[in-house]
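Chemist: The annotation active site, proton acceptor is assigned in Swiss-Prot to E182 on the grounds of sequence analysis. Annotated 3-methyl-2-oxobutanoate binding site per Swiss-Prot: D44, S45, D83, K113, in sequence order, evidence recorded as sequence analysis. The Mg(2+) binding site annotation in Swiss-Prot covers D44, D83, E115, and the record cites sequence analysis as its basis.
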Amino acid sequence: MRKSMISFLEKKAKNEKITMVSAYDYHSAKILDNCDIDIILVGDSLAMTVLGMQDTLSVTMDEMLIFTKAVSRGAKKSFVLADMPFMSYQSSDRDAILNASRFIKESHANGVKVEGGIEIASKIKLISQSGIPVVAHLGLTPQAVNMLGGYRVQGKDLQSAQKIIDDAKAVQDAGACMLVVECVPVKLAQKISSILEIPTIGIGSGKYCDGQVLVYHDLLGLNKDFKAKFVKHFDKIDPQVGVEKYRDEVKSGIFPSQEHSFDYLDDELLDKLY
């Protein structure tokens, strides 16, 4: 039976961790599905990981659709989540709905992910009202890398931390059913997770999120040119074993540890957030 957003809300209520992995092809999707990974994200990170691009900004809708089709064929139980690429939803309401629907109709995804907060809340509302589950993404948002000045931890001061909290509330109110929180201080992610009713999925944001996500290639140590602080290599000899280790460590709370997280907020500053 296919996993659903309802089941992930139930996991949050029961304090059971949600597992997510970014993957881009049929065979890796089969492995993740067999390992009972909850969500397979067909991330626009494939631009760099698979296609050798410098960032995620150049990958197209057609390219994302092809890879999402492959993952959907391999995943029978896992929820397949498709990343909407840069400028596929920001430009107009019409583009947002039409492109989101293409992932469902053509690539058989189960939901879509978008980056941004208050500024795209109206797009989230339109897509979700059309019956498509929407996952939001805050903190370090790679599609806004030129605005952020690079790949840096976000929410390190009172103003930026409060902005992320306000954005999180806005996307939930707009109809987002899950939130990815990338590269924010541990205590900020914990605060967001406690405020929201929807599940949070962390990457570089500490152990208090309702789940975790890593890229398939990264957790297996397949990319020797990339090793971010928040990445842990589990097993590159046997992918199935590596994924199972990742799954078990997320569910038990072993991963992520402090060494895979960022902490810039003191308790005095945290108390000022609302």
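In case you wondered, yes, glycine gets a Cβ from its N, Cα and C as well.
Are these features on the surface or tucked inside, and what are their neighbours?
Modeler: Around E182 (active site, proton acceptor), the same-chain residues at least 6 positions away in sequence with a Cβ under 8 Å from its Cβ are H137, L138, G139, L140, T141, Q154, G202, I203, G204, S205.
Following the DSSP three-state reduction, the secondary structure of S45 (3-methyl-2-oxobutanoate binding site) is coil.
A strand conformation is recorded for E115 (Mg(2+) binding site) in the three-state DSSP classification.
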Chemist: Near D44 (3-methyl-2-oxobutanoate binding site), how many other Cβ atoms are within 10 Å of its Cβ?
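Modeler: D44 (3-methyl-2-oxobutanoate binding site): 29 neighbouring Cβ atoms within 10 Å.
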Chemist: Can you name every residue in this chain, apart from D44, D83, E115, with its Cβ inside 8 Å of the center of the Cβ atoms of the recorded Mg(2+) site?
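Modeler: For the Mg(2+) site, the extra neighbours are G43, S45, T56, M84, P85, F86, K113, V114, H137, P142, Q143.
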Chemist: Within 10 Å of its Cβ, which one of these binding-site residues (D83, K113, E115) has the largest number of other Cβ atoms?
Modeler: D83
Chemist: Among all the protein chains here, how many other CB atoms are within 10 A of the CB of S45 (3-methyl-2-oxobutanoate binding site)?
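Modeler: Here the count is 20.
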Chemist: Could you tell me the C-alpha distance between D83 (3-methyl-2-oxobutanoate binding site) and E115 (Mg(2+) binding site) in angstrom, no decimals?
Modeler: 9
